[in-house]
Amino acid sequence: MAEAAGEAGASERDPDAVRARRRLRVLSGHLLGRPQEAPSTNECKARRAASAAGASPAASPAAPESGTIPKKRQELMKWNGWGYNDSKFLLNKKGQVELTGKRYPLSGLALPTLKDWIQNTLGVNLEHKTTSKPSINPSEAPPSIVNEDFLQELKEAHISYSQDADDRVFRAHGHCLHEIFLLREGMFERIPDIVVWPTCHDDVVKIVNLACKYNLCIIPIGGGTSVSYGLMCPADETRTIISLDTSQMNRILWVDENNLTAHVEAGITGQDLERQLKESGYCTGHEPDSLEFSIVGGWISTRASGMKKNVYGNIEDLVVHMKMVTPRGVIEKSSQGPRMSTGPDIHHFIMGSEGTLGVITEATIKIRPTPEYQKYGSVAFPNFEQGVACLREIAKQRCAPASIRLMDNQQFQFGHALKPQVSSIFTSFLDGFKKFYITKFKGFDPNQISVATLLFEGDREKVLQHEKQVYDIAAKFGGLAAGEDNGQRGYLLTYVIAYMRDLGLEYYVVGESFETSAPWDRVIDLCRNVKERIRRECKERGVQFAPLSTCRVTQTYDAGACIYFYFAFNYRGISDPLTVFEQTEAAARDEILANGGSLSHHHGVGKLRKQWLKESISDVGFGMLKSVKDYVDPSNIFGNRNLL
């Protein structure tokens, strides 16, 4: 981010720099209006030369890297857990849970009630800790199988690569529980043989052509945040497996302020994209929970959804144009028109393809001016059912905020346990008064309360009008305004919740989240039945302590909603916790489908859920997908075996 940081510094010193930069980007948008004209072949060569300058192609680049994700990811991110190396939940010297580092609003703050919540909810004994491997042992990694002719041509193309064990292991997995558990205690049976780092579209074309020439297997990787086994290497793959890492394709190529679009390389992370657009006064508004690490190409290939989709749309609503390199050649449309009637939409063959057809290299996406005003809120309901009814009415009246999330009671209790220590006596008094007012004066049962968090953004006057409309609807369903602070805190927790699983693993707790979508008339029954199924399955499989089984409604639509489930259990006394966990999760998925839910709302299918795909889309639909795969990639070069 050296270039972006330099631009930001210049803008602070000279306001004219902002205007000048914006004018240049507008001009670039007109001059480079067609994606195929940017970047130029010479630019591609220059980036490759810089990447390999002064060293062999296998070495780290001499030039500064511009994106958040470096080539050596392990220098910044955990190799066997979620997120940044400097951020983790632990027990501090006072015996309180604390998040280390300085990256998040919660960092460095004590969470005085979380320890008791963990002990009481999951039966955890904090005197008993698990052990995990401190680092990757290169001797434990499967040996690299490399085609020497391919390697020689890769060197001649000056495309950076690595055969180091730590680089290969880091790209052998996503973030499913099974994958992280294996990293802590064992090793994968099969990992990539080589990691390659293209720096532009032309590099990807060269790599794919070489893979076709020598019949090699390619598994693309972006942010590495997959939760569907999407990155796991097939154990019986005998060909050289190439991990094609797009993280160095991380530029905004142009911004067109007339058409409100931006053309970007597909390896740019969400946080880099939003930060750079913000410098020019724009945003995409696409904010998945994995925003820090996930990339544009990954969003497209999994049909991602962001928490503010009510205003900005899901990824399929944001993409105007895209370019994909396949074994048959490059797929892209000839026009960037906003809508076309040219048969089935080619974009929808690419969206959701999960790395099985090719590599997405560039995309044109819609942008919007950065909202001038943002306001948080929260509403407490007597129970979950009343909350769901309220969200249904808000959706019916087409007045949903940018984001609205409804937590069931157990999720509400968990969120309350994540509340930082209060330093102000007055604030503590106010919190106590609010609790008294809701539970005693209004008669809410603390064990039934359900809470919705709200995020409004846009023009200030319209936001305030919108806010009043939503709270008026909530009141009709027994909802009470629960404060802006509670709403804001709920959203600030978004990017730290994933760190909680690593803490659990240290104390014999396995946990996971999964999602679905369902029609409104199925939401309540589905939530109840799935949570009950999880509890029943755990009991039948010998789990000694009642599991955490909870849910929340995270997104709303005219015809239904997205529902997230969270479950975890204490596995002390269980000889094979992974099998118990996976059988329970599979049973929960069966229950979801039996209750009218979808196979996935936005996580995708991967290898984890593909056993249910044919049932979900019909034999004919499955055959259609297979026919596309067979034509586009007849030799199965993109052989991650997701979906089919």
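Every residue gets a Cβ built from N, Cα and C, even glycine.
The range from 460-464, 525-529, 570-574, 640-644 that Swiss-Prot describes as region 'Important for enzyme activity' is residues 640-644. Of the listed recorded positions, namely Arg405, Tyr564, the sparsest CB environment within 10 A is found at Tyr564. Under the DSSP three-state reduction, Arg405 (site 'Important for enzyme activity') is assigned to strand. Following the DSSP three-state reduction, the secondary structure of Tyr564 (active site, proton donor/acceptor) is strand.
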